[in-house]
Amino acid sequence: MPRRAENWDEAEVGAEEAGVEEYGPEEDGGEESGAEESGPEESGPEELGAEEEMEAGRPRPVLRSVNSREPSQVIFCNRSPRVVLPVWLNFDGEPQPYPTLPPGTGRRIHSYRGHLWLFRDAGTHDGLLVNQTELFVPSLNVDGQPIFANITLPVYTLKERCLQVVRSLVKPENYRRLDIVRSLYEDLEDHPNVQKDLERLTQERIAHQRMGD
């Protein structure tokens, strides 16, 4: 569950510590991406009707942003040593990348309740955690206080970390020249991929829903 600042002072301190920036439409390419300042834009009633007609006859994705039309002020805090790529899942469940956050910085985002965000290493696409989980869903603000999304490194397995290091040192075309077990060639070539992670998270969500039935 997103961490809320206990008071405005804490919110200000958290923002200063993370080097928070607030991006307007011009800096964020808002007009091109349909973003409101640094966050995605909600659809109006007419657009919703058109979306529903287009979606008729095909299943709606399990993981997608909900068009709640309820604003939520969020601060993305990059507390990892990696350059972070925020990714918003739009209303069709398609990943939409947003401007990167350098280590130790933050950004105020104008998002909405029910929107889905995930975060990746901008260079390697390794998965990162947000508030100790893989998906971030903004809730409503309480007394105008922003929701903090703290982005951190997960505890990678030894194998995962070794694969990351080898990928950083060896070009993909040279993987199979390494004197290692053959199965590791395939592991090295299986680069992190947002779409694959979304498929896995979707299956986990479906399994969890079935267990709850």
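Using the three backbone atoms N, Cα and C, a Cβ is placed for every residue, glycine included.
As stated in Swiss-Prot, the feature region 'Interaction with Elongin BC complex' covers range 157-166 out of the listed 87-96, 157-166. Averaged over the region 'Interaction with Elongin BC complex' (157-166), the predicted model reaches a pLDDT of 97.
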